[in-house]
Amino acid sequence: MTSPSTSPARAGTGAELSLQQQRVRSAFWFLAPMMVALIAAAAWPLFRTIYFSLTNTTLSSLYEGEWIGLGNYLNWRTLSSGKTIYRGTLVDPAWWNAVWNTVRFSFVSVLLETVLGLLVALVLNAEFRGRALVRAAILIPWAIPTIVSAKMWAWMLNDQFGIINDLFLNLGIISEKIAWTASDATSMYAVLMVDVWKTTPFMALLCLAGLQMIPRDIYEAARIDGVHPVKVFFRITLPLIRPALMVAVIFRALDALRIFDLIYVLTPNSSATKTMSVISRENLIDFDKFAYGSAQSTLLFAIIALFVAAYIWLGKVNLTGENR
Amino acid sequence: MQAQSLIARTGFYIAVVAIVVIAVFPFYYAILTSFKTGTQIFEVTYWPTSFDLSNYRTVLTGRTFPQNVLNSLFVATATVCLSLLLAVTASYALARVRFRGRGLLLITILAVSMFPQIAVLAGLFELIRFLGLFNTPFALIFSYTIFTLPFTVWVLTTFMRDLPVEIEEAAIVDGATPWVIITKVFMPLLWPALVTTGLLAFIGAWNEFLFALTFTSSETTRTVPVAIALLSGASDKEIPWGPIMAASVIVTVPLVVLVLIFQRKIVAGLTAGGVKG
């Protein structure tokens, strides 16, 4: 790769490009490979997914799909008896169950992770012996692959031989063994437990970074004025780390809304935990309803896009870090 | 007052111990289980009771697991190299050159990293079939750029933006072209950021599941997460917990060691861009 910006300047006939123009021109060439990669891996596949959602394509014959408009989303037929039958994702109870599961999971997990992450960050922000050790320890859940943590917890949550049931029985928290991952009543708790365990460290580290940017003398001043520590937290700490917290929350929320792997491995086939990603992939690949699954994943994309737009707009989040 | 501060201190240290125990225990328990065999596995113990390596032997001499580890290593390494290569030049342009639409471009790149991966699954599936990459490591390397590249560009851009402008000006005065500025002036300064982003991209690629599950179809092309997820026994009833835990420990120990060695860099990388606003 050589710099393309040198050639026009070398011609020397009359108007040489200004330095700024040269730089902009080379910037274009520097950006081009990345743009091509992102268009090929993200923009084009997204466009094709949306296109597939408007056809009746199947997995076995990818190129023989016909345009059927919005039929995968909603279509209806009036029977001779005058009764109208509605079909499509938008009237599919399984889809709405998945939407509800995803929303519930995202809301609860992000809320718990934010509160716990903030608490852990406050602990780590205090000076004590062995702090480096604790910080290293909380990185472990984050470093473990999601699939591995799902398997580890599946074993710990095993109804017969799991250590969680053993521990809870001994502590008197439960009176009989619970089939955490298998029963519909508890599978969501199991998923939440593992997700909170795995991602609270990420939240804690982002919060900690925010906390460490608060100048110490503010706390000093508050202490001299005799302000109660709880009031200090709500009046000083929280407003000051709000920008960091807002960004951390949206990253977590987006991860939660698209969750797939943990649920696929920890609670397979449980309709109580099936999320939008899980049900879309099931239709796309396993059930040979390629176009129907495309419609569902398009809807998930739309929901997430709307959510992000609303969050940034309402929360006035500055994500680029420019014009500080 | 004395008693009160003692209670507060005790409470604080209880919280510290609870955090450490909860964070570390599942991994500890996986290691503990991986050393048990036979009926021992089904007895709940809180302390190590046996040290039997036969689960590890089972996994490592198994038909495909060593191959799966190699697949994961190859895919993750290639993904890291590809995204760093593409990201260094791109982030130079994004960080150091003023041009119209730069902010919009940055937002778009960030938006790509927030994509639900399922939204591109159908389109990628078609493209990968079309390119003849299905069931090869290249399908994964190609599709992983969707989450490693935006992230790498993002972190490197924030890092490069903070480098002093004087270095670059001096190079420009000396007649250096942008390409020379990147390779000769910025690269030496960029090493810490490259290590951080490279490591994070490696972990991301190593752990990825959805694409790996969808774009591979045979046992020998699977990556480690898929292999572990689909590891099953002779029948549905008997899940081979011992070998699963051994395999889990094998793929997790290197990651944990890497993360502990580079913990400062990783924390810096995770928080870059995030807390600056």
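Just so it is clear, glycine is given a Cβ too, placed from its N, Cα and C backbone atoms.
Marked as domain 'ABC transmembrane type-1' by TrEMBL: B:69-262.
Among the features that TrEMBL reports, transmembrane segment is placed at B:12-31 (among others).
Tertiary proximity for the transmembrane segment (B:73-95) is limited to same-chain residues at least six positions away from its ends with a CB under 8 Å from its CB atoms, namely 102, 105-106, 137, 140-141, 144-145, 148-149, 152-153, 156-161, 178, 181-182, 186-187, 190, 194, 197-198, 201-202, 205-206, 223. Per TrEMBL, transmembrane segment is recorded for B:73-95 (among others).
Annotation source TrEMBL lists transmembrane segment at B:104-125 (among others).
The annotation transmembrane segment is assigned in TrEMBL to B:137-156 (among others). Taking Cβ pairs closer than 8 Å, the transmembrane segment (B:137-156) reaches residues 71, 74-75, 78-80, 82-84, 86-88, 90-91, 94-95, 106, 109-110, 112-113, 115, 117, 120, 124, 128, 131, 190, 193-194, 196-197, 200-201, 204-205, 208, 211-212, 215-216, 221, 223, 269, 272-273 in its own chain, all 6 or more past its ends.
Marked as transmembrane segment by TrEMBL: B:189-206 (among others).
Non-local neighbours of the transmembrane segment (B:241-262) in the same chain are 27, 30-31, 33-34, 36-37, 41, 55-56, 58-60, 62, 65, 69, 72, 195-196, 199, 203, 206, 224, 227-228, 231; each lies 6+ residues outside the stretch with a CB under 8 Å from one of its CB atoms. Per TrEMBL, transmembrane segment is recorded for B:241-262 (among others).
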